[in-house]
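Look at TrEMBL and you will find A:27-57, A:78-98, A:110-131, A:151-172, A:199-220, A:268-289, A:301-320, A:346-372, A:393-414 tagged as transmembrane segment.
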Amino acid sequence: MDASQVAQVTEMMYALRNPAGIPTFPIIFIGLGVLTFALHILFVQLMLGTSAITLYGAFRENAYWRRLGAAMLEIAKVSVSVAVVIGVAPLLFVQVIYDPHWYTSNVLSADWVIAFIVILILAYWAMYYFYFRNSKNADKTAVPSSRWSMLISLALMLVVGFIMHSLTSQILHPELWKEWYMQNGKLDYSGDQLHAFNIWRYAFFISMSIPVTGAMLVTYRRFKSVREDADHDYLNWAAEVGKKWIKVGSVIATVLYVMWMVTLPETAGNFATSIWGILGGVAVIGYALWAQLRLRGEARFCSYMALPMALVIGLVVAISREILRYDILNGFFHYDFFDYKIVMDWYSTGLFFLTFAIVGGVVLSYFLTIAWKSGQTVGVYTPGAGVNKLGTLSIWIVVLWIIQFFVVGFYVWAQ
Amino acid sequence: MDLISLYPTWYEPTVGSGWVVALIATFHVLASHTSVGAALLFAYLSHKAYREDREDLLDFIKKYGLFLLVFTYVAGSITGPGIWYSTTVASPNGIGALIHSFVWKWATEWVFFVIEVVGVYMIVYLVGKVDKRTHMKISVIFGLASWATMLIIVGILSFMMLPGKEQWFADGGYLNGFYGTNTFIQLGMRTAFMFTITAVVGGIVIAGIKDPAFKKEMARKLGWLGIISTIVGALMFQWYLTAVPEQALLVMENRLPDYFMPSIVAVLAGTLAYFIITMIRPQTLVQGFAGAMAVIILVAGLWPEETARESMRKPWVAGQYVYSNQVIGRDVPGMDIKSQLPLLEKVGILKAHPFTPEHLREVNEGNKIQAGEFIAMTYCSNCHSPSETGIRPLHRYFPEGVSQERVAKYVKGVLTTGNIAYMPKMPMTDSEVDALAAYLVLNNNGGQAAVTAAIDSEIAQRDRALAEKNASDKVAALDFVQEVK
């Protein structure tokens with residue numbers, strides 16, 4: 001592309017920006033986008049990996065695999081929900097900062113965007129169908145019925161992953177948007193095609209399901225091992241599978257990461273050999289090394305560190321991914337999100353951070369404490385005074401939030 | 001170049017992009033309202049179970065919760081972002097206006113979503129695994145957090161109709177845009193109808209209760225909840241109509257289908273009758289009956305309500321400054337937003353649209369139908385489908401055999417000047433008016449087949465001309481080489 005063509009693309013991207021501007025500094029949206037993407041993709045990988053174990057267990061003639069498959073199905077169900085709900089945040093932030101890119105990419109593949117919603121619902125329902133067909137059977141080593149539904153569920157989840165991957169890839173090619181809008185010399189309003197993908201990038205993010213699920217298995221053993229009714233042979237076996245998955249999976253993912261970097265478009269310049277290009281791959285292979293060193297034998301503390309470590313690795317990759325986007329869109333096409341018009345709104349900015357820290361922090365601490373303790377208790381769990389007070393505090397915090405909503409609202413309304 | 005923030009257009013010929021949004025939104029409203037209402041109901045029931053030490057109420061929560069988990073939380077949590085997705089592809093500047101003004105409100109709502117999703121699993125799976133007092137506390141938090149999501153979204157939905165306060169246009173500010181009379185009345189109305197939907201959907205679970213005494217108790221509880229909330233909701237709806245712009249009432253009177261009001265009244269009466277019957281004779285409550293009622297409410301109640309809300313906003317799609325065709329049609333000094341109409345009047349739509357292909361920037365005889373189609377897709381297709389079916393099809397608005405001259409006169413006299421109540425002002429140059437008129441007439445008289453044939457012919461002509469030009473350039477180049485030799 002010559003300079004005048006690049007200038008035309010730059011002008012188009014700036015023209016598409018929303019004139020309402022944004023209510024705080026753009027870097028804050030990018031930071032939150034990266035953080036929440038890392039959390040989202042972790043649960044996506046967990047949902048894929050635990051679904052794969054459920055499916056594998058269902059087809060294996062092995063009692064341990066069958067039990068593990070049934071246990072991982074519980075995690076898969078929750079992971080889909082959490083992946084969806086956490087995914088709302090990066091979806092929100094990307095359209096604040098990169099609205100020209102996200103909206104164009106979506107409109108040009110609109111049929112697929114709508115299909116995404118339908119396919120994801122079907123995938124989730126297929127998983128629940130498998131669950132309801134087998135949940136009443138107390139013998140978790142029996143051959144599960146309706147295995148096809150789990151197969152469909154996993155296949156559909158991979159399809160929605162690919163749609164999202166493609167939409168994200170299309171963002172990186174503003175030089176091709178107008179070409180994609182024309183098919184065979186004619187304007188194409190149908191939105192029936194996905195126009196861009198990088199199979200290595202897609203495979204890399206999917207392959208990270210292996211080490212992430214390995215981390216879940218290691219954590220699963222540690223968590224369940226304190227229960228009075230724990231079957232230690234089975235749990236140790238699961239943890240060994242998990243350790244192997246972390247190590248082998250990280251190596252596979254690193255190879256795919258390298259392939260992704262090798263196949264970056266020219267517009268990415270030298271990103272692959274830059275510090276962040278290298279750091280992403282080093283972080284992934286570093287996970288295998290960490291598992292080799294820190295997950296030997298019982299590893300009572302580090303077993304609980306396996307998932308947080310996976311999140312840290314995911315965060316490094318998420319930062320690399322964001323810098324790659326910046327390098328292409330700013331480095332080559334001169335679209336700089338830092339110069340987005342700011343119409344500062346301190347109240348709504350402050351309210352979010354306070355809600356996030358205080359309401360989210362306190363309530364989720366209470367919820368997760370209860371979930372954790374009850375999961376480790378045989379029979380009925382009755383919390384002590386401290387946890388009970390945390391529960392009461394959580395209620396009051398939400399009540400106060402609702403009161404401030406109305407107080408501020410009526411005050412503004414009455415002005 | 002003078003460009004404005006217009007995106008490519010997605011055209012869905014069968015039902016139209018507007019209906020796709022409405023379908024997803026209606027389904028989401030059913031799912032989300034049921035979830036929020038049920039969450040508050042669970043808080044009450046779990047509190048009662050704790051006070052009276054009752055297992056049956058917790059068992060009911062577990063069953064209803066599991067049912068909701070599969071049918072409303074799964075579908076509801078996906079169709080929630082699904083509304084973003086569908087509006088993104090159907091109305092990118094509409095959703096963009098909301099996102100850029102209320103990003104932090106949505107982010108705040110997201111905190112409550114996370115609490116809600118974790119909470120629903122705990123409510124369902126911890127029955128019998130934690131003591132009743134703890135379950136009650138979780139349920140109360142879950143119920144309040146769920147309602148908080150409604151508090152937040154209603155402010156944004158109200159802004160779609162009109163900003164909370166008129167002052168927002170002059171001064172901007174999120175609070176002025178969010179809070180207004182419409183916001184509070186709509187909140188009351190939605191909260192009431194949310195309980196109605198909860199009571200109806202809850203009937204599906206009550207139908208499965210084996211113990212007749214408990215079934216009667218729950219049928220009565222939900223029956224009263226349903227009756228009171230339906231009556232309050234209907235009254236709130238009347239009040240709500242006093243808080244919408246006059247333009248919206250005008251649209252409601254003139255443009256909504258004839259079945260709208262009778263349908264709403266019939267649904268309200270049917271819903272009340274249903275609750276009374278199930279309270280008096282709980283044995284009539286079987287899953288088929290309750291399921292059918294949920295579908296009837298969805299089809300005959302929520303669908304007209306959601307589509308009416310969409311229609312009443314016309315010609316705007318968000319905040320009374322973004323037209324339904326994505327053009328910004330009004331200055332908003334408080335947000336430093338300028339109307340895009342002056343630029344469109346100056347250069348026309350083809351030159352101002354960033355996605356106009358190079359060969360369509362100037363209208364000529366060789367591209368008239370393509371240019372006309374492009375203009376129709378940009379300016380019209382969001383509200384009027386150029387196809388046989390779909391949302392308010394264009395062909396219904398022109399008589400059979402209408403002349404191009406007459407259509408051009410209408411476009412120039414009415415559309416470019418904005419002289420029609422529910423439609424945006426659509427500035428065009430004279431050549432663009434001609435192109436649009438030529439396209440509309442062809443589409444009206446010959447349908448999509450005639451349009452496609454005309455466009456194919458224009459493209460073939462263009463390719464032929466290009467090939468001839470290339471050939472003559474080559475010959476010229478050869479002549480030049482020979483002369484040099």
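Glycine is treated like the rest: Cβ placed from N, Cα and C.
For the transmembrane segment (A:27-57), the partner stretch with the highest count of Cβ pairs under 8 angstroms, out of A:78-98, A:301-320, A:346-372, is A:78-98. Long-range contacts of the transmembrane segment (A:78-98) within the same chain, counting only residues at least 6 positions beyond its ends with a Cβ under 8 Å from a Cβ of the stretch, are 22, 26, 29-30, 32-33, 36-37, 39-40, 43-44, 46-47, 50, 120, 123-124, 127, 157, 171, 325, 329, 337, 340. Among residues of the same chain six or more beyond the transmembrane segment (A:199-220), those with a C-beta under 8 A of the stretch's C-beta atoms are 41-42, 44-46, 48-50, 52-53, 68, 71-72, 75, 158, 161-162, 165, 169, 235, 238-239, 241-250, 252-253, 256-257, 259-260, 262-263, 284, 287-288, 291, 295, 299, 303-304, 306-307, 309-310, 313-314, 317. Remote same-chain residues near the transmembrane segment (A:301-320) are listed as 34-35, 37-39, 41-42, 45, 208, 211-212, 214-216, 218-219, 221-222, 239, 242, 246, 257, 276-277, 279-280, 283-284, 286-287, 290-291, 294-295 (criterion: CB distance under 8 Å, separation of at least six residues from the stretch ends).
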